[in-house]
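Trainee: These came from TrEMBL, pasted as-is:
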| type | residues | note |
| --- | --- | --- |
| DOMAIN | 22-206 | domain 'Aminopeptidase N-like N-terminal' |
| DOMAIN | 241-457 | domain 'Peptidase M1 membrane alanine aminopeptidase' |
| BINDING | His313, His317, Glu336 | Zn(2+) binding site |
| ACT_SITE | Glu314 | active site, proton acceptor |
| SITE | Tyr398 | site 'Transition state stabilizer' |
| DOMAIN | 534-851 | domain 'ERAP1-like C-terminal' |
Amino acid sequence: MAAEQTAEQFKGQARLPGFATPRRYDLRLTPDLAACAFAGEVAVGLEVTAPTRFLVLNAAELDVAPEGVSFAPQGSGQALQPVEVTNVPEDEILIICFNEVLPLGEGTLNIAFKGTLNDKMHGFYRSVYELNGEKKNMAVTQFESADARRCFPCWDEPAFKAIFKITLEVPSETVALSNMPVIEEKVNGSTKTVYFQETPIMSTYLVAVIVGIFDYVEDFTTDGTRVRVYTQVGKSAQGKFALEVALKTLVLFKEYFAVPYPLPKMDMIAIPDFAAGAMENYGLVTYRETALLFDEKHSAAANKQRVAVVVAHELAHQWFGNLVTMEWWTHLWLNEGFATWVSYLAADQFFPEWNVWTQFLEESTTGFQLDALAGSHPIEVDINHVDQIDEIFDAISYRKGASVIRMLQSYLGAEVFQKSLAAYIKKFAYSNAKTEDLWAALEEGSGEPVRTLMHSWTKQQGYPVVSVKLKDGKLHLEQTQFLSSGSTGVGQWVVPITLCCCSYSRQEKFLFNGKEEDFGLCGLMECKKKDDFWIKLNVNQTSFYRVSYDEELASRLRYAIETNKLSAADRYGVLDDAYALCMAGKQKLVSLLHLIAAYKDETEYTVLAHVITTSLNIAEMMAVAAPEELGKLKKFLIDFLEPFAQKLGWDAKSGEGHLNALLRGTLLTALAELGHEATINEAVRRFNVYLEDRETPLLPPDVRKSAYVALMQTVNKSNKTGYESLLRIYRETDLSQEKVRVLGSLASCPDPVVVREALDFILSHEVRNQDAIFLLRGVSSGAHEVAWQWLKDNWDYILGAYSGTLLTYFVNITVSPLATDEKGDEAEEFFKSRTKASIARTVKQSIERVRINAQWVKSIKAEADLANVVKALAHKN
């Protein structure tokens, strides 16, 4: 068999062959920071488990000379030299061919190699920072999903776990970090050799190496684990909040998972150039600066919350992902969905006043929106090529994944869920697991049919809408697959139904797995008066389905919202479902507008923020469908929002909570976007003071973005003073969060000429590649076609300069808001010859969104009573 092997048979395969398994890597790297290059050598302790003349492993963009490769079987005095070493760039593999069949058992594969510290933010790359006014390079790794192969030849799949012994040769003035603590440093003039402790058994994508000059703050957990936050020199005070959160989180998760944190230290470091939000490398977690640093004076409440949730997410991975690792990328959601869910559990524990479980509904909404496309994908998605992995780091894996875990926890009960989870972690520690293994543990711990319940949620894409109507004193339920296009899908689910009637004191819970079912209400009715009657399904929105009520039940719920009978989560859910149904043409826009009016006394931040997002989306569609009604709609929305803004004001009241701080920024930004003169004038007044005095209390961080957006409403091509002032702030600050605030505002101007100039700024050397998306996201609602034209004009450059998730953002953010069939056709034609495998799914989803918008525009145009309703609402106040 081995004699018949040829190099050809290993090409074009999704996975590496299994005839050799790595057990240990001795890796030595020598980065040259000035030349942006590195050299290295790796000795891989292998076990050959089946007869073979070949060793096949991953390598990409590495220079491997055949004379630097040898294999030494254990116990044999002689190393074998390969007869051929073939690099296959399209498959990112190295095929090493020997003359003879390798002896079974252990041996060591030695490879010397060279590479480039690239600018792509993946593999082994350089990030640029400033030290005493001088630009410097640091060397950083980012290996998830499949980029360890860009740093050293390896078996770069999560199931090939091994021990790593890492040694670095670096400039002596630098700090060298890796997954484990340093055991020895030997200085030799201008360089030093740094030796690290061996890691526990782990996957290649979690290996990390960082070399640069840093400050840090440190502390110890109650059981002695050393925790440090590393920052650029001079910024260490901004790491204190993340350090506090990390200390608490490690203790909480040790209890929750009933397994101690396995490593002797936890380092977290802020990297100036970083494509993702953060990366959970074992013992050395890397972050964007905006996700780790918090400046007491200049960061907003939203920044603080983001840091807390991201830190908890990454530390959850130390157990769920690092200790127990998915077997293959098909099970990515196990890592990401779980860490997303449990990060909210931690944030809720530490900051109960933030009401994060209500805020979690925003995660579910993002999952719902993507999963309502025909071009969505199941939670468990078959991955047949490395190119397909990046695109599934999306709202399905993270947000839908987290939502179905929350649904299951809510169904099984928190205690049973936690105990079963701890048993799962213990059983699979230091090895790999599949989705099925988690279901088995939860089924065993709960006695419930978890596999049957969850298969329908992870194996098929989409989710149901449950239609409810009342007839003859019974509730009639019917489930169909919900699609934003309005067409009906064929999916069917096992739906955990919860429902209450007139009050929350009694609730029903059952599994609905047919197409239709009738349900008697006699045990639930608690209404004294007919006027008080309402029914709510999916109590507190803990499950991942939408509900469509008949007209009578919908109007009862609207009344329950007006009279404050529903919980905040249910008020959010009623609006979110109604908006989705309206977009899909299953409900009229006029009834959605009447529903929005019912929230006039809303008190909860998350609910009001969702009312605002929904309203702005409607205004955007109205601008295309019925521009003549836009002025009246804006008047209605301004009149609706103004009382909330007046109550909160621009300045924080003493002792007010975190949620008020979040709401103030959201409200004022929306009023500015709607063109509210009083808000814009006050913003400009405060901004002008701030421009001359950055320490003024007149423009605190929570309202700064609102002021910037308001300022941009006064800018046009013949008066660009405001735009230039914002650029001045951008250039003068060294706080990443401030830079992002400015970028998110620059394109919010109504003048297309200015928007185009702002978009061109993305491509200048002044904007780090990772930050381009913030400017794109801020494009004003009237300028989406300008952004689309800009994308087409610059596509070749963008395709060369950006990769991975960043590239998918360019497509999604720019194409998705377009709202006519002509633009859909144009996008289809454009990408026909300009797409590549790593963005194919995103292109398809974005064009589908354009079609859905265009369809919605047509149905809005067809609503005969729209003009009268908008007029009536505009004059109501």
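Glycine is treated like the rest: Cβ placed from N, Cα and C.
A TrEMBL annotation is a machine prediction, not a hand-curated record.
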Trainee: Would you list, in sequence order, the residues of this chain other than His313, His317, Glu336 that have their CB within 8 A of the centroid of the site's CB atoms, where the site is the one recorded for Zn(2+)?
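Mentor: Along the chain, the qualifying residues are Glu280, Glu314, Ala316, Phe320, Gly321, Asn335, Phe338, Ala339, Thr340, Ser343, Tyr398.
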Trainee: Measuring Cα to Cα, how many Å separate His313 (Zn(2+) binding site) from Tyr398 (site 'Transition state stabilizer')?
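Mentor: Cα-Cα distance, His313 (Zn(2+) binding site) to Tyr398 (site 'Transition state stabilizer'): 11 Å.
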Trainee: Reported as an integer number of Å, what is the Cα distance between Glu314 (active site, proton acceptor) and Glu336 (Zn(2+) binding site)?
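Mentor: With the alpha carbons as reference points, the distance is 10 Å.
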Trainee: Out of these binding-site residues, His313, His317, which one has the fewest other C-beta atoms within 10 Å of its own C-beta?
Mentor: His317
Trainee: Which residues in the same chain, at least 6 apart in sequence, have a Cβ under 8 Å from the Cβ of Tyr398 (site 'Transition state stabilizer')?
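Mentor: Once residues fewer than 6 apart are set aside, Tyr398 (site 'Transition state stabilizer') is near Trp333, Glu336, Gly337, Thr340, Glu363, Gly367.
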Trainee: What is the pLDDT of the domain 'ERAP1-like C-terminal' (534-851) when averaged and given as a whole number?
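Mentor: Mean model confidence (pLDDT) across the domain 'ERAP1-like C-terminal' (534-851) is 97.
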